[in-house]
Amino acid sequence: MANPPHGGVLKDLLARDAPRHDELEIEAEQLPAIVLTERQLCDLELIMNGGFSPLEGFMNQKDYDSVCENVRLADGNLFSMPITLDVSQAVIDDGKLKPGSRVTLRDFRDDRNLAILTIDDIYRPDKAKEAKLVFGGDEEHPAIKYLYNKVQEFYVGGKIEAINKLNHYDYVALRYTPAELRVHFDKLGWNRVVAFQTRNPMHRAHRELTVRAARARQANVLIHPVVGLTKPGDIDHFTRVRAYQALLPRYPNGMAVLGLLGLAMRMGGPREAIWHAIIRKNHGATHFIVGRDHAGPGKNSKGQEFYGPYDAQHAVEKYREELGIEVVEFQQVTYLPDTDEYKPKDEVPAGVKTLDISGTELRNRLRTGAPIPEWFSYPEVVKILRESSPPRHTQGFTIFLTGYMNSGKDAIARALQVTLNQQGGRSVSLLLGDTVRHELSSELGFSREDRHTNIQRIAFVAGELTRAGAAVIASPIAPYEESRNAARDAVTQAGGNFFLVHVATPLEYCEKTDKRGIYAKARRGEIKGFTGVDDPYETPSKADLTVDVSKQTVRSIVHEIILMLETEGFFDRS
């Protein structure tokens, strides 16, 4: 018998509302609609299939405040993460959304109607309170950045009626709903199930710790990786799922199953661990492995962890009775070469030789093509990871040149393009500032918002080209730190490599050598919003390379860039 769902009843809204499907579909076409973002889609899917039981919709203000302040819903049920539907001021100003009215929730990918929400209330969240109580308050936390920069001004709360499932085109057979997974466990005769959450590839150590956890509890294993939204920079879920599938035969026959979870993670540490436990309980698991720094976002700019290493374990243990799922504390295991086995570190006698490979070292080995030993990971898993992580010398990169107009950016960009073409090995694309303005951003002006949009477009193109293995050279003015950081994030999140080169040629030199007289026009007031004259240039705080045309030749600067790329391994050394 699978574990009872959180709150006692599995809120499978898709099954509940199926008899009214046609009626709801017709009504949905007559209602105003909210087109959901990717994160909202992930949340809606788990509301509709019961993964977020006992929720039946997006939280109203009463539930939102209670979850933030008390880690439970207004009715007293334990729940740790605000699940909210945010909308913009413009949507509110439109006047179509009011308490008591109904609104269609629509998929941005295919314009399908997914659900109808009956609005309970519309409220402006206290984002500072949410940031502090839910995520700890550090403004460098990715969830807090998302909250302040991406989440809209208002939340709409209310219960939903489900119309259609989300369409998925990848690994459909592995995307079990809670009800389907419970039926699967029952068919297999599983009564005790240890769930393992991961957003990373699994290696031999993970296999050992999950098998140990299952044996100690006479249980089976649910490998339940997140394939929704995870941490930027994580290995893509297509690669990870292939690796999980390759690993599965390494378990004793009949011990483990693989199921995928379309969750949008918040990287919320202790709060997220409680949330993950609730989700796994709803999927029928009786035990849940909580690791060291579970769902933590890593370190801030000062090198400090956002949470203590065992905060998540302590949080789940605190609510153990209410959760109704047994916490299995993640045991760090290490490899003993003399006996060819893995053991928990606290069980290894003093003086016994051990071996470990850190995540950083693994990434370096994948990047450089260095061998990865079989004691660490299985050959079939390594093969899959290598296919998705080609050697550095075959990867693409973006060189992003920033500086004043007439600082020498374009001359450097053109010379670098020629040099890289001569080098060979990858295609080279040039995105000059004026060219992009003419071809991609001709309708934009030079307000801060329009400048940011222009850089976003450059970054999107650069990210797509870089991901495909090209070398991209971009040379916009890009005067704002926020825009440059967003460009770096866009390229790296697309799977590319990004180098910011600050062309720090002094403004006086740029003006003095301006043969087109553009600075003179700006000084006379004929051009408004001109960088360096009546609009600021924010000096980059994290440039990978700083150069100056007033002190260096273009040739020497290009050579510096080439040396930087060579040092990073972007040219074949064989």
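Every residue, even glycine, has its Cβ placed from backbone N, Cα and C.
Database features (Swiss-Prot):
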- 1-169: region 'N-terminal' (REGION)
- 170-394: region 'Catalytic' (REGION)
- Gln197, Thr198, Arg199, Asn200, Gly291, Arg292, Asp293, His294, Val333: ATP binding site (BINDING)
- Gln197, Arg199, Ala295: sulfate binding site (BINDING)
- Thr198: active site (ACT_SITE)
- Arg199: active site (ACT_SITE)
- Asn200: active site (ACT_SITE)
- His203: site 'Transition state stabilizer' (SITE)
- His206: site 'Transition state stabilizer' (SITE)
- Phe330: site 'Induces change in substrate recognition on ATP binding' (SITE)
- 395-574: region 'Allosteric regulation domain' (REGION)
- Asp434, Thr435, Val436, Arg437, Arg451, Ile477, Ala478, Arg516: 3'-phosphoadenylyl sulfate binding site (BINDING)
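Positions of Swiss-Prot features highlighted on the structure.
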| residue | record | Cβ within 10 Å |
| --- | --- | --- |
| Gln197 | ATP binding site | 25 |
| Thr198 | active site | 17 |
| His206 | site 'Transition state stabilizer' | 22 |
| Ala295 | sulfate binding site | 24 |
| Phe330 | site 'Induces change in substrate recognition on ATP binding' | 21 |
| Val436 | 3'-phosphoadenylyl sulfate binding site | 20 |
| Arg437 | 3'-phosphoadenylyl sulfate binding site | 15 |
| Ile477 | 3'-phosphoadenylyl sulfate binding site | 23 |
| Ala478 | 3'-phosphoadenylyl sulfate binding site | 28 |
| Arg516 | 3'-phosphoadenylyl sulfate binding site | 9 |
Taking each of Ala295, Val436, Ala478, Arg516 in turn, which of these binding-site residues have a Cα lying within 10 angstroms of the Cα of Arg199 (ATP binding site)? Ala295
In whole Å, how far is Asn200 (active site) from Arg516 (3'-phosphoadenylyl sulfate binding site) when you measure between their Cα atoms? 54
Integer Å value for the Cα distance linking Gly291 (ATP binding site) with Phe330 (site 'Induces change in substrate recognition on ATP binding') is 4
Are there any residues in the same chain, six or more apart in sequence, whose C-beta is under 8 angstroms from the C-beta of Asp293 (ATP binding site), and if so which? Gly269, Glu305, Tyr307, Pro309, Asp311, Ala312
In whole Å, how far does the CA atom of Arg451 (3'-phosphoadenylyl sulfate binding site) lie from that of Ala295 (sulfate binding site)? 35
Can you grab the distance from Ala295 (sulfate binding site) over to Thr198 (active site)? Cα atoms, rounded to a whole Å. 9
Shortest C-alpha distance to Asn200 (active site) - which of the recorded positions His206, Asp434, Thr435: His206
Would you mind pulling the longest C-alpha to C-alpha span across Gln197, Arg199, Ala295, which the record has binding sulfate, in angstrom? 9
In whole Å, note down how far the CA of His206 (site 'Transition state stabilizer') lies from the CA of Gln197 (ATP binding site). 11
For His206 (site 'Transition state stabilizer'), which of the listed binding-site residues (Val333, Asp434, Ile477) have their CA atom within 10 A of its CA? Val333
Three-class DSSP assignment, Arg451 (3'-phosphoadenylyl sulfate binding site), comes back as helix
So of all those recorded positions, His203, Phe330, Val333, which one's Cα sits nearest to Asp434 (3'-phosphoadenylyl sulfate binding site)? His203
